[in-house]
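Q: Got these off TrEMBL a minute ago, pasting:
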- A:T179: active site, nucleophile (ACT_SITE)
- A:T146, A:K168, A:T179, A:E259, A:N378, A:S383: substrate binding site (BINDING)
Protein chains: 2
Amino acid sequence: MSVTAAKGFTAAGIAAGIKENGNPDLALVVNNGPRRAAAGVFTSNRVKAAPVLWSEQVLKSGQLTAVVLNSGGANACTGPKGFQDTHATAEKAAEVLGIGAGEVAVCSTGLIGVLLPMDKLLPGVETAAAQLSEHGGEKAAIAIKTTDTVHKTSVVTKDGWTVGGMAKGAGMLAPGLATMLVVLTTDADVDSETLDKALRAATRVTFDRVDSDGCMSTNDTVLLLASGAAEVTPGYEEFAEAVRAVCDDLGQQLIRDAEGASKDIKVEVINAATEDDAVEVGRSIARNNLLKCAIHGEDPNWGRVLSAIGTTSAAFEPDRLNVAINGVWVCKNGSVGEDREKVDMRYREVHIVADLAAGDQTATIWTNDLTADYVHENSAYSS
Amino acid sequence: MSVTAAKGFTAAGIAAGIKENGNPDLALVVNNGPRRAAAGVFTSNRVKAAPVLWSEQVLKSGQLTAVVLNSGGANACTGPKGFQDTHATAEKAAEVLGIGAGEVAVCSTGLIGVLLPMDKLLPGVETAAAQLSEHGGEKAAIAIKTTDTVHKTSVVTKDGWTVGGMAKGAGMLAPGLATMLVVLTTDADVDSETLDKALRAATRVTFDRVDSDGCMSTNDTVLLLASGAAEVTPGYEEFAEAVRAVCDDLGQQLIRDAEGASKDIKVEVINAATEDDAVEVGRSIARNNLLKCAIHGEDPNWGRVLSAIGTTSAAFEPDRLNVAINGVWVCKNGSVGEDREKVDMRYREVHIVADLAAGDQTATIWTNDLTADYVHENSAYSS
């Protein structure tokens, strides 16, 4: 499962003592080849954590042999010392694995603005390396959890080759990407240009459309590593579809585990003039705190959907807008539609359709409700 | 006080039965002249309520004699019938007051997507007209409350002339404007062009910079009426400053009464390259749910300030950013600054300074924390 479902990969997850509660906090993923192709996408936040700056650099070669991931600290906004720490982490992994530091990506997640306890992290890299196993994917997925209540893995197996992966993320989920660390692996024999193309195509319509709380992290990283161990080179479309399917599954798992959420909300924008319009409107709806509170209260408050649409620059006429909530067209032509009493909101999944009546493009954004539990969890996170 | 502090104005506030709980819900403000100049600014939401569409039209003349305001229903997203209802309200006021409907602005606030009970509203206009008084400003301010816990009024008296006003607003507070109904009156002898100029200048730096929850209403309206009864024409700068002062005071009252809030947060952006940059950064910080939760928990989580800044297009270098919370520079040069333990967050007001180190422009945005009470209040609003 996880990152070791594909042949050619080993992984480990251990408790290095970075987290004060003693939970697992360090993961190592190694590509044993024969190929070491890799691609990555990173946060579009301009305040980038040290490990993001480092991993962007090493990815330029299109090659990666190992990924070190830690929870318990984001190593973001930590200045030159923070960057030195990331560098030292890569050096340590390189030394233990007998490779170059330029083949090692680093990912960190946790509180911003705190230096990592390197006296615990560096010995932890040695310990993890000693435990590398082709059955280690599950443990690696567990070690990258922060406020996640469950670890997230996904695997798609095709004709002789596999794409698998792990993800962490529960809050600060917003596009570009959706605050997460994700490592995907495949044993397909694919070069780094193809990996890059497939990964960008996949994240654009999956992780980039998960928007839990509108807050964009400093540490988002999604890596895709190919070992070539299956000795199969799939056609591009088939490969890209497998990568997209794994990203979509992991993205759904992120939303289902979003901090404090009691409802998963699928915001589907239809009949938009352009895909960009559909995405803009979908995000505006997904980020409307008042609507998210209403959904939490099982209140099909379509007026808040319209007021969110009204803040966008998308092409539409107010008196042609239609909104359905769980299949009931509660708003027709910008005004009162079917009886809102017909809307059944007892279930966890809520489906909002916003019809812009302006074209034939569509996009779906996933979000969740806003709850008192979200407030409680995020009032106390760093203290 | 309120809208009747300035000479030449009468007002009334009554319970017309629009609200099911029997609270006051209808206000009438009348300008008895001799001048009837007026100006208005309205929501920039493209989904505009019927009363906004009506009032924008009648304001084109630069003249207003009366304003009818109701709480208990926003008359937004109510289609052609909603617009007919607004028209009928203006006609009724015109009939009772012996004026033309084109001299009557209408404002509504409350739930979106529900038609107003005209069988109660229209008789209410007659009742209100019968109670018009130069002491009616306070009652009018009370009648426009929705989830407001207090009514909001403000008065500035200068040398022989006065600017006063009333406001309602507690949630859906976001710029363009900050979800509110505001009626300002003055007895200064000022023409409608001057009123318009002073009002736009004032709202741009006051109501437009109040951002409680990032949600923009469909009904925002700020009206300024001049009676000329003081027979004084102040200089423009002095007049504009008085209008700004009243708007600023009312804006502060809105933030202090924001739904569920336990902290008032002043976000001051300094050393920005442009004022637009400063406003963009201030809004991004003010809308960050994770930061707003942290402030609620009295946690000086400056990492969330930086991650919010990082999502903007403003000019800055990440390693030159500085952040102070309540006077303690917890972030220096994009990294750890003074000890966060020094930050005293026990008080209701929280002051965040974000130094972009990119120029000499500044802007201040007011917001509040995100609390479980906000969630509770807005989960149950329409049900």
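Placement of Cβ uses the backbone N, Cα and C atoms for every residue, glycine included.
Unlike curated entries, TrEMBL annotations are predicted automatically.
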Q: Filter the binding-site residues A:T146, A:K168, A:E259, A:N378 down to the ones with a Cβ under 8 Å from chain B's Cβ atoms, keeping sequence order.
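A: Cβ contacts with B, in sequence order: A:N378.
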Q: Can you tell which of A:T146, A:N378 has the least company, meaning the fewest other C-beta atoms within 10 angstroms of its C-beta, among these binding-site residues?
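A: Counting other Cβ atoms within 10 Å of each of the binding-site residues A:T146, A:N378 gives the minimum at A:T146.
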Q: If you draw a 10 Å sphere around the Cβ of A:E259 (substrate binding site), how many other Cβ atoms fall inside it, taking every protein chain shown into account?
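A: Cβ-Cβ neighbours of A:E259 (substrate binding site) within 10 Å number 26.
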Q: Give the number of CB atoms, excluding that of A:K168 (substrate binding site) itself, located within 10 Å of its CB.
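A: Taking every protein chain into account, the count is 27.
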Q: Could you tell me which three-state DSSP class A:K168 (substrate binding site) falls into?
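A: Going by the DSSP assignment, A:K168 (substrate binding site) falls within a strand, counted as strand.
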